[in-house]
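Marked as ATP binding site by Swiss-Prot: Gly121, Thr122, Asn123, Gly124, Lys125, Ser126, Thr127.
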Amino acid sequence: MIPATTFHGRQVALFGLGGSGIATAQAIMAGGGEVLAWDDNPESVAKAKAEGIKTGDLRDADWRSIHTLLLAPGVPLTHPHPHWSVELARSAGVEIIGDIELFVRERRMHAAHAPLVAITGTNGKSTTTALTAHVLKAAGRDTQMGGNIGRAVMTLDPPVADRHYVLECSSYQIDLSPTLNPTAGVLLNITPDHLDRHGTMENYAAIKERLVAGSDTAIIGVDDEYCRAVADRLEKAGRKVSRISLTGTLEDGFFADGTQLFRAGQGKAEPLFSLEGIGSLRGRHNAQNALAAAAACLACGLSPAEIQTGFRSFPGLAHRMEQVGKLGHVLFVNDSKATNADASAPALSSFPRIYWIAGGLPKAGGIASLRQYFPRIAKAYLIGEAAPAFAATIGEATNYEISGTIAAAVQHAARDAADDPAGDVVVLLSPACASFDQFRNFEVRGEAFRDAVRALPGIELIGEKRA
């Protein structure tokens, strides 16, 4: 735990006791501050009480004595309208921050030069965060990873000079972190998302920009118009910017040509290394993740050789193109995190011949946008409520069956793929659907796929179960 010593002797209101809320309250208390915590969910309040946290309805609090409101990232700050606790704090002139800002202040107080990599983007930030942390650890660096992935930030070990921190930051967390100042800030991409919470694309992009605007080195993917504009603004302001791109060569920055990564500068481009043969980084989208992680690790002082070694041992993230096992020439891949068609596209574009398990609770638009990948699909195995609609979309473009369940789909796909004379093929769970018709969440769905694969006679499992 990181004691929040910067709030010693101060009274803090905290709203939001799910997720990181309890850890944040405990950090305030450990640092000598006083917390009054609340949540609209009575069960969360009861859990906090059981942890020894003082609770009370913030509507009844004396806001004249409160120094700060700590807000959970899931609580609306502005859109669609401010939460009532936000309105109370603003009326009283009380600052409103989140747990990432709490960490930033502790780092500034106790180890201002402890390397901090903060990563955001609409897509790819979890993989980039995990990859960056893995490479740093593999190179022998004392490394802590958390934020919007894994551990709540205040449960990490306290800042010391040589301890590296790698934090995934959502737009909600950035919005509550006014003084975020990473050693390396990474902005991967900006596409429409969370507009119900941020109002407009311009506001959403402006929030994302804050992370890199405060960075010593701003690492920015420039393959979309919003990020290009951010990079241009920061460069004009004299900030250090490392551009990354998948769509073409750069005069200064990092780019990819297929699986080969390059670093460009001073009028020349030099190869860094290749991603060829690294199964956990397969696919064009992972080339961007790898470029960003490489740039961040270089900013932290690693050599290209150390980065390449770390890449080659990266196990990947669970449920994101996760290689589960192999049976002869058939690879089994769990991409359960793909809960809509856009999220399935990277996996479908990464393999030449696919036995595709898809379906679940359908999203608007179905799989019509994936038609360009149908020639890659040897056969589709459709599950859940979406099966009839997906069958209608596929039509005669490729073979399909309505399997109903993941267990049946894995058995049938394994049988059919084993008989495929084409050579290496993949059985891919990439549902393009939510999971809630058959499973509690996409993680449970992914576990069901893993279990079905493990049950196949002769299967050679790949790696260990990852969180």
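Placed from the backbone N, Cα and C atoms, the Cβ positions cover glycine too.
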Neighbouring C-beta atoms (10 Å sphere around the C-beta of Thr127 (ATP binding site)): 28
Those residues of the chain, 6+ apart, with a Cβ under 8 Å from that of Gly124 (ATP binding site): Leu188, Asn189, His285, Gln288, Asn289, Ala292
Sequence-distant neighbours of Ser126 (ATP binding site) in its chain (C-beta under 8 A, six or more apart): Asn148, Ile149, Glu168, Leu317, Arg320
CB-centroid shell, 8 A cutoff, ATP site Gly121, Thr122, Asn123, Gly124, Lys125, Ser126, Thr127, site residues removed: Ile119, Thr128, Leu188, Asn189, Asn289
Assigned element (helix, strand, coil) containing Lys125 (ATP binding site), judged by DSSP: helix
